[in-house]
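Enquirer: Got a structure here, written out as structure tokens. Questions coming.
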Amino acid sequence: MEMLSGGRGLIVSVICFLLKFSTAMEIPLSVQQVPTIIKQSKVQVAFPFDEYFLIECEAKGNPEPTFMWTKDDKPFDLSDSRIIASNNSGTFKIPNEGHISHFQGKYRCFASNKLGVAMSEEIEFIVPNVPKFPKEKIDPLEVEEGDPIVLPCNPPKGLPPLHIYWMNIELEHIEQDERVYMSQKGDLYFANVEEKDSRNDYCCFAAFPRLRTIVQKMPMKLTVNSLRHANDSSSSTEIGSKANSIKQRKPRLLLPPPESGSESSVTILKGDTLLLECFAEGLPTPQVDWNKIGGDLPKGRETKENYSKTLKIENVSYRDRGNYRCTANNFLGSTTHDFHVIVEEPPRWTKKPQSGVYSTGSSGILLCEAEGEPEPTIKWRVNGSPIDRNPFAGDVVSPREISFTNLQPNHTAVYQCEASNVHGTILANANIDVVDVRPLIQTEDEENYATVAGYSAFLHCEFFASPEAIVSWQKVEEAKPLEGRRYHVYENGTLQINKTTEDDAGSYSCWVENAKGKTAVTANLDIRNATKLQVAPKNPRVPRLHALELHCESTCDPHLKQSLKLSWSRNGEAFEINATEDGRIIIDGANLTISNVTSEDQGIYSCSAQTALDSVTDATQVTVLDVPDPPESLQLSERQNRSVRLTWEAGDDHNSHISDYIVEFEGNKEEPGRWEELARVQGKETTITLSLAPYVRYQFRVIAVNEVGRSQPSQPSDHHETPPAAPDKNPQNIRVQASQPKEMIIKWEPLKSMEQNGPGLEYRVSWKPQGAPVEWEEETVTNHTLRVMTPTVYAPYDVQVQAINHLGSGPEPQSVILYSGEDYPDTAPVIHGVDVINSTLAKVTWSTIPKDRVHGHLKGYQINWWKTKSLLDGRTHPKEVNILRFSGQRNYGMVPSLDAFSEFHLTVLAYNSKGAGPESEPYIFQTPEGVPEQPAFLKVIKVDKDTATLTWGLPKKLNGNLTGYLLQYQIINDTYELGELNDINITTPSKPSWRLSNLNATTKYKFYLRACTSKGCGKPITEESSTLGEGKYAGLYDDISTQGWFIGLMCAIALLTLILLTVCFVKRNRGGKYSVKEKEDLHPDPEVQSVKDETFGEYSDSDEKPLKGSLRSLTRDMQTTESADSLVQYGEGDHGLFNEDGSFIGAYAGSKEKGSVESNGSSTATFPLRA
């Protein structure tokens, strides 16, 4: 199905149609016609390395043409056994079998049928010879230094092009320069020889690249005799004669050769390259120059090569005709040669005869005109024979045209026009076909077409008709010709429908009619939806080095989806499919991503959608933003003592308007090279009057600011120095610092370098007692501190500091009030009492000290307290003083975080900026009992179906006499409802365990334990556990004893025990004990020893005795003891079944074994507490 698209594609299609209209009508091969040659060879060269040589001649016609050949205008027999002729054409092959020179010549092909004869242009078959230099003996050449010489090459003739090289026997090129030159014919010229030119291996090489051949001339020997060698054995007279032989001389032309005289003619073909060469001998070496007499050398097409010895003019035209002069000169004279350049041209057509189809009775004319230099000769032929044998008596023949009237079918023939001059021959065949035939439509019937709504549609109806025919189109269902400006029918039958709509879809009929009849075909047209496209975002502004992402959103007709192709371009140049090599630009279908955007990425980005029927493009303008270029051309004007005008030129803002300019200066004597901001200017301004400080050597620079950032600073301006002046300001932040009583160290912020205004900066310090009617005391210093001793402690003074320099004083200073140095307070407060609020908090009250005893600025009061003893056990505590300060003038304070049931000592003192005064007499007070902290731990060490045994540790702080414990518990099965809370008061504080009974089986409980004193109970510690079910684990231990892993574990323990016994036995036999045992025997711990006596025994070498140091059997319970510090007290046997949070680790059951330690408790097995 043929599909034509709109846009630029439509324009191209229309141009193609119009070109087809302007050419001769193509006759279908089904119609009888004269032969037409459609393919022929040009010049054919028989290269020796080719297998065969093809001479082509193909033609079409009806009846089918037959072929004949001529060679050098004589018949050539295609039945020659040495050639291979092709069937159904005139083409033949010449095998490369050694006899090809016989076939060299000019061939012409003739294709003929009963209606006429067509002939080809001449086809030259060239059989090149293998070029060779003749074998010759070359006599050595001997010349004197300074003489000219020419080494001839005389290369053999061969197939062009020819390249000539002069080299030595080691294939190194002979160097050419102003003195040495190789001519176009290959001869080597020396303007004057030098001693270094002597060598015996000057070789000329001729290269024929088309023949893949290089040939070499026999080496030539050149000897240059030098005077230095001749002088060695000559008399003074002979030396003078030899010196004259190398005399300087004016130029003499060697090229063109002297026999050609002072001028010569050169013929060149139009369009070729003109080469003119001049070479002159002489000493010093002559220089060559070129000019055109009466005109200028063609600029742009002329070059001077080989040290100006060759003038080269490319693409020669007729305006290059004329006289060219070369001039060779040195300081002794000059010589010239004129070249008369003649530009000629082979024949070319200006009016080429055109083939034509004619109907009976019509008339026609053939035109044949050609140009060339010399003017071409025109010859006519009919069916390959000269025109004087023309069989058509009615033809009117002139050199440039043939006309005929009342054509009849028997006038069908092929006319040839041939134009020739000395540079070549051109031939044109013109067919005269006299045909009367009903229209033949060549476009297939029921052809399907499609286009896009809004575009043009083209429906084809190519035909052949003679006489001329009329074409009409109609819609099948309407059965009437199409009318209106939207429809246009071309001469070749094509229908164009402009601005198509959906209503244009359907079937169309093309009717072609002439005097011989009429014919029709049908075409079907389908209208598709137009492709739509949008690029986003529109006109983005992207800062440099940021990322740019563009998206191309497209929609098209479903029928065109498969043919949709998207492409991206920037400023009209398409991106490669793989984008850039560095991966900075990535194209992924509809997405274009550019990372690290630069200014080169700015431009118009276009996305194009191309389908089989239409194309559409959308574009967006991408603007790349960057910081501005630095301002330029800083100028200073209107120079004043305290101001100057600065002007500059704005740099490129890189697509972002400059918002403001920052003016910076450099001139700080203390920090040279440091730039500081002086002023800001709005972006539309490029000048400012700057306020300056005295006694500064300024230099300015400007920074431009836009939305992206700051530019680089501009180049600094010229310097501008302001004269000195008296200070404009006095020091600020005047303050006092004193480390001793009555001392006053006055300090202030010194003036900065830019504030000093002149040389010799000093500070005049004045002081007097505040409000006293006395004279000011003063002192002048250069630094920014002054120490003054006053008669009284902590007295107020009026103080002034004024800046002065060599040019005067600063403004009148303002007074500040400063105090002389403080001393420690010399008296202590009196404690009125301590009110104990509770067991950890007390309120202290005291009397304040008199103001005159503070000796400074009172900062507050300080309470010191320390614990002396505990009322629980009466133990004395070492003194650890706690400190608490209260700011300001106050007479009470709260002391927190006291230990309950303890005795404390407490003092109070006053402090100022100097430090603390004396302490008051210690005040003794006691804190009452409090509630204990929570117990250290709470563990469930044994559980059964209705009982649970708990153990716990003492609280870290009892805070009084322990009276007992409050044990509470409640059911917490996995529901939101809690069971009733049960209380048990344990009145025996020394007992750290309790057994609960009457619990529910298979029930989860939460236990709470609080320690209590007479003041109440403290915070609880909690634990959770579950009781067991009835008979739930009755056979567990029996099952375990038969498990493989249990048996393996017991075997491993037995093996380790055996190894240990063996080691002990060996050790004891050697008279020694374990080092650990020895250490324990030397330093026994009474408590540990008592525990060991109960639970552990010494190692024994008897199998009958139990090992006191071995682990207890996992089936036994350890009996608890009353020792608070012993792990045995908290059930080291059963307790070992739980993690720190009380979770189950594991339990094992089994019968008692020999060597196990007996327990006084129950032997009932324990089970997991949590189901």
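Glycine is no exception: its Cβ is also placed from the backbone N, Cα and C atoms.
This is the feature table in TrEMBL:
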- 1-24: signal peptide (SIGNAL)
- 35-124: domain 'Ig-like' (DOMAIN)
- 128-223: domain 'Ig-like' (DOMAIN)
- 227-264: region 'Disordered' (REGION)
- 251-344: domain 'Ig-like' (DOMAIN)
- 347-433: domain 'Ig-like' (DOMAIN)
- 439-526: domain 'Ig-like' (DOMAIN)
- 531-623: domain 'Ig-like' (DOMAIN)
- 630-725: domain 'Fibronectin type-III' (DOMAIN)
- 709-733: region 'Disordered' (REGION)
- 730-823: domain 'Fibronectin type-III' (DOMAIN)
- 825-930: domain 'Fibronectin type-III' (DOMAIN)
- 934-1031: domain 'Fibronectin type-III' (DOMAIN)
- 1045-1066: transmembrane segment (TRANSMEM)
- 1093-1123: region 'Disordered' (REGION)
- 1152-1171: region 'Disordered' (REGION)
Enquirer: According to DSSP, how is the domain 'Fibronectin type-III' (934-1031) divided among helix, strand and coil residues?
Expert: 0 helix, 48 strand, 50 coil
Enquirer: The domain 'Ig-like' (439-526): mean pLDDT?
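Expert: Value for the domain 'Ig-like' (439-526), mean pLDDT as a whole number: 93.
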Enquirer: Per DSSP, what is the helix/strand/coil residue tally across the domain 'Ig-like' (128-223)?
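Expert: The composition, in the requested order, is 6 helix, 37 strand, 53 coil.
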Enquirer: If you run through the domain 'Ig-like' (35-124) with DSSP, how many residues end up as helix, strand and coil?
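Expert: Its residues divide into 4 helix, 48 strand, 38 coil.
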Enquirer: How many of the residues that make up the domain 'Fibronectin type-III' (730-823) does DSSP mark as helix, as strand and as coil?
Expert: 3 helix, 47 strand, 44 coil
Enquirer: What does the DSSP secondary structure composition of the domain 'Ig-like' (347-433) look like, as residue counts for helix, strand and coil?
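Expert: Across the domain 'Ig-like' (347-433), DSSP assigns the residues as follows: 6 helix, 51 strand, 30 coil.
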